[in-house]
Every structure is written in structure tokens, then in C-alpha cells.
Amino acid sequence: MGGRGRGSRSRTQRKHFRDGRENVWKRPKSDSASSNPNSNNNSENKTHWQPFATQNPAFDEYYKEQGIVAAEEWDTFVEVLRTPLPAAFRINSRLARAGIGGRQGNWEVGSKVDCCLTKYGPRKNEMEGNDTCGCKYGESSQFCEDIKSQLENDFMHSLKAENTDGGEVEAIRPLPWYPNNLAWHSNYSRMQLRKNQTLERFHEFLKLENEIGNITRQEAVSMVPPLFLDVCPDHFVLDMCAAPGSKTFQLLEIIYQSTKPGSLPDGMVLANDLDVQRCNLLIHQTKRMCTANLLVSNNEAQHFPGCRSDKNGSKASEMEFEPQISQLLFDRVLCDVPCSGDGTLRKAPDMWRKWNTGMGNGLHSLQIQIAMRGISLLKVGGRMVYSTCSMNPVENEAVVAEILRKCGGSVELVDVSTELPQLVRRPGVRKWKVRDKDLWLASHKDVSKFHRYHILPSMFPSGKSYIAPANKDLEHENGKSAIFEAGLQPMEDTSTEDLIEEVSDLPWNVEKPSKKKNWLKKNPELQEKISDQITEDNNGLEPDSGDAAVEKISESASEADLIVNEPDEAAMEPDPSNTSDQNDSEEAQTLVNGETDSGKAVGKRKLQIQGKWKGVDPVLFFKDEAIINSIKMFYGIDESFPFDGHLISRNSDKNHVKRIYYVSKSVKDVLGLNFCVGQQLKIASIGLKMFERQTSREGTSAPCSFRISSEGLPVILPHITKQILYASPVDFKHLLQYKAIKFADFVDAEFGEKASKLMMGCCVIVMRDSKAMSDPIKVDASTIAIGCWKGRSNLGVMVTAIDCQELLERLSVRMDAEKGASVQESNVNADEVQLNGASKVEESEITELVADA
């Protein structure tokens, strides 16, 4: 069968990106031309594209009645909604620790492509509006201050008086409420940036820095929720509905603040999203972070597993790497739930024609389920932010009110009105109504008995369900007015921000009265049946006995009461006949050919299984001591770098492991716990790609069969003692400029001689400061290093052209600014260095980059 290789999978994934969302800008064929076949050449009869109508009477009526803005502000409010959304972006504050990243991939001999864009074409990231390529994971923000300085001293001034709309406009400015001027706002929409010639240089700057990973295009309102979480480097953070990943990236940056070079934070981020296609966006976005403190899962948010291990069970004692945690709880939870999205009208004008009241009403129950699941996963003292991109009180205030009612004083709203003082905000509403088709409902009593299955009591401010009075004659006279007034009463404990903190154990976590235990003890047959069911659900864990079993049953019942209509274990299993969607995760691209449920192979590759999750690559601790020792010896990795239990593979065939991932201690503990509880987490991506197997003929003859990945270089660099050289700024720039240089052609002859004596294979080149003349140098946050390949006659970089270009520009700015910098060094001509044709790498000596799907 043809088309089953790497290219086929990439095309399939690209198709999913394209088909994931309706193309609202493309008019149907029926609207693009006249129905008269003879009128094709008649311009008068052609129907030209018309912009979307930015009005909806139902929208106006609904939000005027809800009073989300004052009546005198309504016209201004609607006028803003009708203007295109300006572009915003954030400078990635987390430095690439002592190194740079680069587009990652397999280096294959004889390949003629520099990037997967050449082979497969660009892929449109419709969630963020970026033209991206799957292999461009880029570098983290190694030059954060340089970028900020360029924005402040260059673009702010050069674009200040650009006349694009008939007058002077302030093109860009920092968002005043975001710390350290790291977030910027443009007065131009993405469309204007693309089309306006006067903004071309700025647009090219944004594209390049975004591809490299130095900036992230993110809407200003999307930046707000992570700031209110008050995340610390040692926190366990859960992002429940994380795709497309901009908030997750932001959380990771905060986790890494104040982390020393070569070390990892004690905390971690677990990013979850149910939709497989959106999960791919999340993985692609966060890969640019180059972090070992991230785990991406693909579970239902409302049924996110609690992962509580049985301390007395046999599996925990048999684990080689016993986890240090017995239950997966979090210090911070970001609950950015699915919503109607009517707050995105400025970037999605098709919302005007699609909007109706049923959109918000239909999601209300799911939003409560997800929020309550997030609360149950919080530690005591933990904090959760609930957020939507909707203006609907049914999706916002009503959900928060229901959380407070259900938790019964165990959680409280946190007043953050004094935080980020320059952020413009206003209090939420204290009263609202519910719209059901053409009817306004002030309380649940007004709901028709035929509609009470989807118009719930929790949608109303009172949160009370209607109970018919005993005397039906009094219902019309007294009942309606009393309940109507109660329905409009202001809700107590309402705050201006939807930020929730757990102050005590939740009601369902408190030990239940002993009457239930006595009742179960009096029914031994029922107790035996329930215990057997628990044993089956725990995937083979030893059954509890006596009071322990009763406590577990009570706990399970309480959690079931918390989540409405929670499916049983069988219902949570993925559909065996629907494994195609599961193949889209970044780590599960090899599943195009699989097996049927009967186990009969239908292709060359077997269906991957991760615990109970079919169609997903396994996650295994890598324990091949021979390979690990060869890596340690080849690169001279000192004992201070922890290997034991930190290496992960995604291939159950130990002899064909292509990539080895590295995880932090926190992620290691979560992974160990997941093994103990029967792999309840469906893991789509985990850890940092640290080592890759050499697959070329030249690579297989090297003493070490694995090279250091550019993603993992920043973490492992301070611990490398072999295969590492320190180049002068001039030779370092030449490597970036020419990609490969023969040993005899380096300006520093001593450096060239040292390079020739390295063992064949991967090596690391560190740029030496112009003032530091001795080796080795101290590695810190400002250290710049790249991965290279030592061949028979030359040294070649393992960094792609776009990364080399960006780094060259940064180095030129720095070197020109240094006192005493030699003009001759910064303007070296190619003729001054006798490359003898070595600017092109011989195919037999160094491999070239292709995409990692």
C-alpha cells in the first residue's frame, strides 16, 4: 500500500488542521457567481464578496436586558465589537538555558530539504493565526532584553507616524498592566499587518520571532487568567482545557522564573485537552518551550482522573520507581472552559450570524461539571481561575454561583481587585435572567415542564428549583411573585473576579458517618459485589476489606454525586473502532497502520497501546544501561545530572528506540503514580526530547549511537565535560553563516586543531566571550551554544537556516554594541576565510534536517 510513510501522516495531519474549523471567509460557490451560466463573463452580473453583517437583533436584545453595560455605553460597546481585533503578542521571558533550540528532526544523509515546508508546504494554525511548520519548534527567548529593546527603541519610533489610515496612529505599545513590558499591543489587525506595505518590516519581524519562539502571538485577554493564578516555581498546575496552548506556555514561563541554568523547577504543568486535533496545536505550541516539566494529556476535563493510589496494593510495591505522591492534586488549576465564544466577535465576525441564546444555555451544565472537577483536584489552600471568552452571565456568574453553593463554604472567592491595577475591569452582574427561545425567565418556576431538562435551576441567581405548592389554587396568586423576587435577589459572596480558593476540605472528602459502614456490614452479599467491582475498576489491585472497602465505596459515591451523569469505567474507554482521531497526537503518528480488535495485523506496524488506551504510543521508563552508559561516557556527563528514572521512551521495542525523553522529578512522580493506578492518564506528550538515535551511515559508525537534541541541550550543557569546544565570536559567526567549515579554515587555528581531535559524532560548540580567553567558561543564562557534527574533515552545524539567520542578527547587534569591537571582525568577508568549498556539507560527513512529524 502506498502513501503510508512519513509524508502521508503529515498530509493527514495537515488536513485535520485545515478541516478543524469552518472557513468562514470563503463564500459558497452559489454566492460567488450568478446562477445564469451565460453571465460568467459579465462583470455586472457577478456577486462580489461582501463583509459579514456585524449585527444581530437577538444579540442586542439579550445583552441589553442583562445590563452588562450601562445604557449610555451601549452604542460605544457595540461599535468596539464591530472593529477588527488588534494584534497582540508576548515576549517569552523564559531564557533558553545556556543554549539555543532549533527546528528538530531526523538528520538523514542525502536529504535535499532544509525544512518540511519545502516538502509538505506550510500548515495554517487557524487557532492562533500563525503560518507555521511542524518542525519549527524554534528557540526559547534567549534574547528577551534584546527584543524588548528593539521594540522600544526601533519600532515604536519608526512606526509612530506611519500614515496608514489617513492620520497618525501609535502602531505598537506595551500593555501597561503586564509585568516588565513583556506584552505588546498593536493598533493594527492581523489582516492590516499582512496587507500594509509600510508595516512589512514589522510584520516580517513578528513572523520570524514567532517561528523561532522568541515571541508568542496571544490575545491580550488570554494573557490575564494565568497572571491571577499566582503560580510559584514549585507548584503543580493543571490546565484543564489547554489547547491551543498559549496560556500553558505562559504558565511554564512562570514556573521557570528564578530557575538556575542547568536545573529544573520543582513544579510542573499538566496540560489537558479532549480534542485530539486541538491537542496537536497544544503540543506544537509548547514544544518551543523546550521543557522537561510538562505533561500533555488527552482526557475529558469533567472526568479528569484523580489518580489515587492504593498504598496497600501490590502494584505500588512492585514499581521500580515508586512515586513520592499517592494522589494527583494541584496547587493551581486553570479552568478555561468551552463556551459560546461570543466575546470573540472582533476576531470571528461569523459569530454575529451564528449567535443565539441556546449556545450558552447548552454549555452551562458542562461548564459546571468541569469547574467542579477542577475544584475537587485542588489542594487545600489551592487556587483556581475560572474563565471563558463569553459575556453571558449563564456561562459566568451562574457557574461561579453554583460552585459556591455546591462547595458549601469549603471554597471562597478571592478579591483580586487590587492586583494588576492598570488593567481596566468592571464588576460582574448580580442579577440576570435566562432566555429560552422567545421567553424571558426570571426563575425556575417560569420554565415550562417540557423544557426543564435543559433549563436548569443553576442558571438562575437563586439556584433553586421550583417546587409546586400543595394548594394549586395559590400558585398563580402568590407563587409567581414570590419566586420572581427571590430570583432577582443579589447573590451573596459575589466578587468582581472569578477566582476561587479552597480553604478547607470539600464536603464530599469528609469521612461519612459510621451508619453507612454498619449498613453495609449487615449486607455482606452487597458488600462483596461492590468490593469485586472496585477490584475490577482498579485493574487488578488487591480488593479492600472491612472498613477500608467501605470508606472507598463511600468516597466513590460522593465523587459520583459531584459529577453529574458520570459514565462508568467502560464508557470512558475509547471506542476501539474510532482510533483514527487518536493517531493525531504528536507522539502517536505511527499508528496509520494498526490492528483490528481481533489482533489481526492490517499493516506493517502494530497498533500502539498505552495502558488501557488503544491507538496511543506507550510511555515507558528507559532502562537500557548499555545505551545510558555509552551516552554518559561519550559526552562525559557528570554524576550531578540525574538519569535514574528520568529517561522516557515511547516505543515498547527496546531495540528500536529512536528518541529518549527527559522528565523532571515532578513529572517522573506523576508518571509513576499513573502506572500505579492503571494508566488513567492518556498521555499525548511528555518531557523534553534529550537524545536521538543516529540513523545515517556516518552516524551509525560514531562511537555513540545517540546525539544530543537541540531541545535538550540547554538542560544538559552544564554537565557535559567531553565533546565540547569553546569558539571565538568570529568563528562562531562563521559556523552560523557557512553552516560547515573545514578544520584548517577556522580563524583560530588552535580551535580547528581541537575540533579535528574530537571523536566523530555530535559535539557542542559554545561561544566564548571576547574577554574570556581560557577554557572552559562558566555556563550561565547568557551562554550561547549550538549542536554540531564532527565529521572526517569539517565541523557542521545542526541548526537550520532560519535559526542561524536569527542568531546571526542578534549576535551582530551585541557585537557592534561592545566597546572595542573590531569592525574587521564584524564585517568579515567570505574571501578572508578560505573555505575551499566547505560551505556546503558533504553528504557523507554530516546529515541534513528533515521534519519530525
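The backbone N, Cα and C atoms fix where each Cβ goes, glycine too.
Please treat TrEMBL annotations as automatic predictions, because they have not gone through curation.
What TrEMBL says about this protein:
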REGION    1-51  region 'Disordered'
COMPBIAS  1-18  compositional bias 'Basic residues'
COMPBIAS  19-30  compositional bias 'Basic and acidic residues'
COMPBIAS  31-44  compositional bias 'Low complexity'
DOMAIN    147-473  domain 'SAM-dependent MTase RsmB/NOP-type'
BINDING   Cys241, Ala242, Ala243, Pro244, Gly245, Ser246, Lys247, Asp273, Asp336  S-adenosyl-L-methionine binding site
ACT_SITE  Cys389  active site, nucleophile
REGION    566-600  region 'Disordered'
COMPBIAS  576-596  compositional bias 'Polar residues'
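Sequence-ordered, the extra residues of this chain that approach the S-adenosyl-L-methionine site, with Cβ no more than 8 Å from the Cβ center of Cys241, Ala242, Ala243, Pro244, Gly245, Ser246, Lys247, Asp273, Asp336, are Asp239, Thr248, Ala271, Arg278, Leu282.
With Cys241, Ala242, Ala243, Pro244, Gly245, Ser246, Lys247, Asp273, Asp336 listed as the residues that bind S-adenosyl-L-methionine, the site has a largest C-alpha separation of 13 Å.
When the recorded positions Cys241, Ala243, Cys389 are compared by the number of other CB atoms within 10 angstroms of each CB, Cys389 has the fewest. Here the C-alpha separation of Ala243 (S-adenosyl-L-methionine binding site) and Cys389 (active site, nucleophile) works out to 14 Å. Spacing of Asp336 (S-adenosyl-L-methionine binding site) relative to Cys389 (active site, nucleophile) is 8 Å (Cα to Cα, whole number).
All protein chains included, Gly245 (S-adenosyl-L-methionine binding site) registers 29 other Cβ atoms within 10 Å of its own Cβ. Cys241 (S-adenosyl-L-methionine binding site) and the residue listed as 'active site, nucleophile' have their C-alpha atoms 13 Å apart, to the nearest angstrom. Residue density at Asp336 (S-adenosyl-L-methionine binding site): 21 other Cβ atoms are found within 10 A of its Cβ, drawing on all protein chains shown.
Note on the domain 'SAM-dependent MTase RsmB/NOP-type' (147-473): mean pLDDT across this stretch is 88. All protein chains considered, the CB of Lys247 (S-adenosyl-L-methionine binding site) has 27 other CB atoms within 10 Å. Taking the C-alpha positions, the distance from Cys389 (active site, nucleophile) to Lys247 (S-adenosyl-L-methionine binding site) comes to 13 Å.
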